[in-house]
Amino acid sequence: MWTAPVLLWVLGSVWFWDSAQGGAIGALEDDLVTPGPGDDMVNPGLEDRIETTDTTGELDKSTAKAPLVPTQPPIEELPTSGTSDHDHKEHESTTTVKAVTSHSTDKKTTHPNRDNAGGETQTTDKKDGLAVVTLVGIIIGVLLAIGFIGGIIIVVMRKISGRFSP
């Protein structure tokens, strides 16, 4: 009956499965560290065709290219008339990384299943629930699309074989 066409359709789509697995991934962009304008480093000898030497007056022997030369600090780092030199040095030496979190950093949070004696509350991230709903919606949509396409294929096969009666 309809099992032979469906079996042929499944076997014919096997070659798609290998490409759906994905290929080998090389080095990710996040793992690469390259000096750039943000690092205050330039290589003027490459673009200008000017031979650049290091502090000893010789070319870099390992690459036979001009070494990276630090430039002046960007204009954002230069002190302005409104700030003192002391404030600038303090800002320059202090690096603070602020991360966006879903939990308050000022209050202690407790486990949601334990007694909450201090009256502290725990905040949760509403975006986690949104991600789960989105994932479930995508899965349901893909399953419905597969069923819809399968139904169209079955109707077309029946029409071709002459067993279609509306």
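Glycine residues also receive a Cβ, built from the backbone N, Cα and C atoms like all the rest.
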Given ranges 27-31, 32-36, 42-46, 137-141, the stretch to which Swiss-Prot attaches the annotation region 'Requires for dimerization and lipid rafts association': 137-141
Thr80 (O-linked glycosylation site) CB neighbourhood, other CB atoms within 10 A: 7
